[in-house]
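J.: One structure, as structure tokens, below. Some questions next.
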Amino acid sequence: MPHFTVVPVKDQVQASYESLEGINWVDYRDTGQDYPDHQDTVSSDGHGNHKEDSPFLNSSDAASKKNEFHDRNLALFEDELDIRPKVSSLLSRLVNYTNITQGAKEHEEEESAEASRRKTPKSPNMGTMMGVYLPCLQNIFGVILFLRLTWIVGMAGIVQSLLIVLMCCSCTMLTAISMSAIATNGVVPAGGAYFMISRSLGPEFGGAVGLCFYLGTTFASAMYILGAIEIFLKYLVPQAAIFHDTEPHRSDSAMLNNMRVYGSLCLSLMAVVVFVGVKYVNKLASLFLACVIISIVAIYAGAIKSVTHPPEFPICMLGNRTLVRDRFDVCAKTITKGNITVPSQLWDKFCLPGNTSSAHCDDYFNQNNVTEIQGIPGLGSGIIRDNMWGNYLEKGELLEKAGLQSVNAHGALENFGMYVSADIATSFTLLVGIFFPSATGIMAGSNRSGDLKDAQKSIPVGTILAITTTSLVYFSSVVLFGSCIEGVVLRDKFGDAVKKNLVVGTLAWPSPWVIVIGSFFSTVGAGLQSLTGAPRLLQAIAKDNIIPFLRVGQHHISSLWCTTISTLHVLFCVPFNRFFLMCYLFVNLACAVQTLLRTPNWRPRFKYYHWALSFLGMSMCLALMFISSWYYAIVAMGIAGMIYKYIEYQGAEKEWGDGIRGLSLSAARYALLRLEAGPPHTKNWRPQLLVLLKLDEDLHVKYPRLLTFASQLKAGKGLTIVGSVIHGNFLDSYGEMQAAEQAIKNIMETERVKGFCQVVVASKVREGIVHLIQSCGLGGMKHNTVVMGWPYGWRQSEDPRAWKTFINTVRCTTAAQLALMVPKNVSFYPSNHERFTDGNIDVWWIVHDGGMLMLLPFLLKQHKVWRKCKMRIFTVAQMDDNSIQMKKDLATFLYQLRIEAEVEVVEMHDSDISAYTYERTLMMEQRSQMLRQMRLSSAERQREVGDQSNVRRMHTAVKLNEVIVNRSHDARLVLLNMPGPPRNTDGDENYMEFLEVLTEGLERVLLVRGGGREVITIYS
């Protein structure tokens, strides 16, 4: 147990004000020393404490100016003038300003109760094989393998195709490693990827990425459905097409419309299956997976058989151009019937019907021969050399075989439909985007985490094994396709050159129909798996109650959402790769953050991970997002960002011990340690507020407009600490303290004050305030400005503690070198809903306070309440001051400060002390015979009033008040230097009276005292 030593400290009640004023204070007095340049310097005050000199004042001799300290018009501030220059003295030296760089160092700166009554779910019993490995296989293998991989190999060549497969599979493998580490770091209930990201990176990231992953999974189901419909209409039952194009070579729009109609019908049937029950999908899953496996085995069997007996799929070539094989019967220009040579169907396509003369034929047809080549040369044919490198095409470009003799002649446009052509322009990045969906589906196992018997074991083993299996199949398929199939056939997306057969089916054994039927059922099965997995994911998000509009989490409603979004994809073909990539990116980020933070709870059983692998996976995901389509990547990130901000502002607050919290703690610790290096530079200075609130007996804030003023001044920037003191004993008042803290937090939220709350219990209120002033904040993140209310009714109160506490706080802030702001008549200050459309903010600059009076109006004008107010600065000139030069110098000063304001110099001439001044002094001193004294002559009054300093101070207060009221009676706000309290505590009550007289007749006044350092600078 730690030992504490209590050291008694005597209460220095009788300490002189000078001792309070001088500790660690910036000395504005002229010392007679000459500085070589006009730079900020950090110096020592002789006690080992550092202080920052003025960033724009040179030192000069103050002795010759000492008589200015006792001007009658500034007697109220005569104690201030010992350590703060008069404005006239400050402005007289503005001409010496330079733009030399400042020399000071710059700083770079679970829910437990809610779930207790839920019904006990059925015990999950799915293992690694059925729960993770096979579903992942089924989702990864699908439409791309059977419909597009041959085309990708034909366009990109074997080398670049292997690179595409390597990029995509490496991305998913690295993601699976990161996911395995997260999945084995504790129990992973329903939700899979969403649960892992949200518990690792917080509800905002989890919800945003979870919804994006849900959208990606939903759109993927639509992709599988469209693949199934393409197989159905192109290869199974072409006669079922509803829409037909008038021009045979232009069937794109008709095909799209057919896919929309049949796709919507297929989606509806699948939705019914999902609505009826997931168990039927699980029962059919084995059948669909068997179709996938049989189809892949048929491809390998066909490739092996092609070594000795390649399948017969001849390709008809005209010159070096590939012809659409189903438009004619014989690959020849003429045929022999009996002993007569007659034109073939091919001749009729290129020549005028019924005419055997070549003069009426297409030029290219006339000048080139018709030949047949083998579409599937086989594994031992050496065709791999021709297919090694890429052959990208533009849209409409004809498929030509290099090496075949051809005469380049202009052909008729109407015959363009006889040739096989590229339907889209291709590039490496496009093919990456097309292939990547075939590597997705790795989350199929994690999405079923709620059904797994041992998710921590099954997810890593099953997922990594599934990715390894599929990657090997993809790599081998790329090599086999390039080694067995002719290049023009590989580049033929829809099999037009092989009589509308599925290209991969031409290689399969024993029949192409094995692949056609198998791929159709496999794509349907993959679509069903996605339609069942996506609602579970949405349901998990809804159960966490982090997104308000999803708080109905029934499975049927989730399925309905899924069906609706899939329908949109079927109708409009929305790209979805980026949603998967974003999910994978954040899985990698979650693993990297947790690993680097080394939080005590990060103890994954899966040991084969490293933060560098996670960062590599994250970089690959980001690169693939922008490689495939940069604009869709930006759209996807924008959607995720909007969801993130929605959850941040509207969603329920959750504390899941996520990595972002840990990262915030680490960043906060690092920043606080950096701030410890020294005080903030003048350019970085802003008021960091400690707002002292007074609570009534019911623990309600007495003057909430203090918080309104603070929010308008801060506008959400910097530090705000709201403090209050409860009178009593800590042990007895702990509950009251908590209630007070909650009340303050509620009103802070109402007034939109972003900051912290601190309530202390003390036996004396003034001691509690001193404790707050001393101890609030942490390290370099401490307050530099105190805001407190005016003690209203101090004259009528029989208890002097209120105003004595006020003056004691003023003295403490001065001793602590803190700035002080006292809003007077704070109940008249505007609320956050008001707007001043005109009016002025008037600054009365009597003594230099480090620039606080210049900075505060500028900060207030950043808020919408004060934005349209104009700023006016008044300063006071004495008899020996050149008011014209002062005004010119002040305008120059404001120009260099980049502050727009009207400037006015008020001349205050020496005058005799008026009878009114003596009367106010007599009232202040509470003479019992006030009426008799008022009838005395001036000489008798002068004899009667014992303390001439009180008279001079009252004279200053009266004269200044007259001038201020005369010039600023209609101002929206008046900012004024607050005189320091007297050094002798016997005059405290008189000090309160001086302040009352100084601010009399003004609606809104802000009394300001600087903290003893410069807060504004002319330098950039």
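The backbone N, Cα and C atoms fix where each Cβ goes, and this holds for glycine too.
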J.: From the ranges 130-150, 424-444, pick the one that TrEMBL records as transmembrane segment.
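T.: Of the candidate stretches, TrEMBL labels 424-444 as transmembrane segment.
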J.: Counting only pairs 6 or more apart in sequence, are there at least 3 Cβ pairs under 8 Å between the transmembrane segment (424-444) and the transmembrane segment (284-303)?
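T.: Not in contact, no.
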J.: Given the transmembrane segment (259-278), which of the listed stretches 208-233, 284-303, 464-490, 502-521, 609-633 has the most Cβ pairs that are under 8 Å apart from it?
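T.: It is 208-233, which has the most Cβ pairs under 8 Å.
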J.: Taking all residues of the domain 'SLC12A transporter C-terminal' (704-822) together, what is their mean pLDDT?
T.: 86
J.: Counting only residues 6+ away from its ends, which parts of the chain sit with a Cβ under 8 Å from the transmembrane segment (284-303)?
T.: 134-135, 137-138, 141-142, 145-146, 311, 379, 473, 476-477, 480, 483-484, 504, 507-510, 514-515, 517-519, 521-522, 524-526, 528-529
J.: Which range out of 163-188, 208-233, 502-521, 579-597, 609-633 gives the transmembrane segment (464-490) the most CB pairs under 8 Å?
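T.: Comparing 163-188, 208-233, 502-521, 579-597, 609-633 against the transmembrane segment (464-490), the winner is 163-188.
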J.: DSSP helix, strand and coil counts for the domain 'SLC12A transporter C-terminal' (704-822)?
T.: 57 helix, 25 strand, 37 coil
J.: Let me spell it out: take the transmembrane segment (609-633), skip the flanking residues so only those 6+ beyond its ends count, and list any with a Cβ under 8 Å from a Cβ in it.
T.: 167-168, 170-171, 174-175, 177-178, 180-181, 429-430, 432-433, 436, 575, 577-578, 581-582, 584-585, 588-589, 591-592, 595-596
J.: Could you tell me whether the transmembrane segment (502-521) and the transmembrane segment (163-188) are in contact, taking contact to mean 3+ Cβ pairs under 8 Å with a sequence separation of 6 or more?
T.: no
